[in-house]
Amino acid sequence: MAFMKKYLLPILGIFLAYYYYSANEEFRPEMLRGKRVIVTGASKGIGREMAYHLARMGAHVVVTARSEESLKKVVSRCLELGAASAHYVAGTMENMTFAEQFVAKAGELVGGLDMLILNHINYTPLRVFSNDIHLLRRSLEVNLLSYVVLSTAALPMLKQTSGSIVVVSSVAGKIACPLAAAYSASKFALDGFFSSLRTEYEATKVNVSITLCILGLIDTDTAMKAVAGIYNAEASPKEECALEIIKGGALRQDEVYYDNSILTSLLLKNPGRKIMEFLSLKKYNMERFINN
């Protein structure tokens, strides 16, 4: 009976509340109207489509990528689509100093920050891993470390607005995928870092949500070229994928699954993990870290 009161009943209450509110909360485009949003990796593909969706919703959009010419076109199109404002800052996320300075610059451009969408990646060709440590290091730096730098730099602004961090990841960060060892390692690391960070935020009363987006194969030009003749699967549309990512961030969901197969979300969603996180957290004295 004591075990039920201490563990089972709180767990049941958490899950019932979670599913009730998740089922009854609907996304509305006006949730993003006037919001200040950063999108990285926004010169093409999913990032560009997210910028366009946000523009249609009336958000203030700041985009970044390496190609200045491409970013100029994205900003121009965002303004045509109805963005409250649109700005770009070109640079590479291989440079951690740039990553940190970019967040500060973006905050100056739009007067703060409500949502940070981390979408950029280091491209890695599909091939058998053969002691390419340079490739692995670069993947970890761009796909993980720069995400940490960006989110850390953005946190003071996001605390002020009870904002959101949206992390674009992959099925390759949930299951073993051949020919993508370096990429997969960086995506598994994203899950580990940001899922742990979410738990810390919740326990220390930091009202900033973290949404991890688990994507399957999406029909971007880069992805289609990478898998041609190697991987046989139907790709999902990037436009719809981009919208689902934004919805998940706006609704402050823990995870978003987007793939052409319903099996992806059914098999990868793990309620047991949430239970274990809850039980584990009970063993920590988190009160000493609140407001520190």
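Positions of Cβ are set from backbone N, Cα and C atoms, glycine also.
According to Swiss-Prot, the protein carries these features:
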- Tyr183: active site, proton acceptor (ACT_SITE)
- 41-67, 92-93, 119-121, 183-187, 216-222: NADP(+) binding site (BINDING)
- Ser170: substrate binding site (BINDING)
- Asn95: N-linked glycosylation site (CARBOHYD)
- Asn207: N-linked glycosylation site (CARBOHYD)
- 1-7: topological domain 'Cytoplasmic' (TOPO_DOM)
- 25-292: topological domain 'Lumenal' (TOPO_DOM)
- 8-24: transmembrane segment (TRANSMEM)
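Neighbour counts of Cβ atoms within 10 Å were taken for the recorded positions Ser170, Asn207; the minimum is at Asn207.
Burial estimate for the binding-site residues (His53, Lys187): highest at Lys187, by number of other CB atoms within 10 Å. Put simply, of the binding-site residues Gly41, Ala59, His120, Asp221, the one whose Cα is nearest the Cα of the residue listed as 'active site, proton acceptor' is His120. Looking only at the recorded positions Asn95, Ser170, Asn207, the one with its C-alpha closest to Gly47 (NADP(+) binding site) is Ser170. Within 10 Å of the Cα of the residue listed as 'substrate binding site', the following recorded positions from the list His53, Ala65, Asn95, His120, Lys187, Asn207 place their own Cα: Lys187. Summary: among the recorded positions (Asn95, Asp221), the fewest other C-beta atoms within 10 A of the C-beta are counted at Asp221. Taking Cβ-Cβ distances under 8 Å and a sequence gap of 6 or more within the same chain, the neighbours of Ala59 (NADP(+) binding site) are Leu32, Arg33, Gly34, Lys35, Arg36, Val37, Ala83, Ala84. For Lys187 (NADP(+) binding site) paired with Asn95 (N-linked glycosylation site), the C-alpha to C-alpha distance reads 19 Å.
In sequence order, Thr40, Gly41, Gly47, Thr64, Ala65, Met93, Val142, Ser146 constitute the residues six or more apart from His120 (NADP(+) binding site) in its chain with CB-CB distances below 8 Å. The recorded positions recorded for this entry are His53, Asn95, Asp221, and the Cα of His53 lies nearest to that of Asn207 (N-linked glycosylation site).
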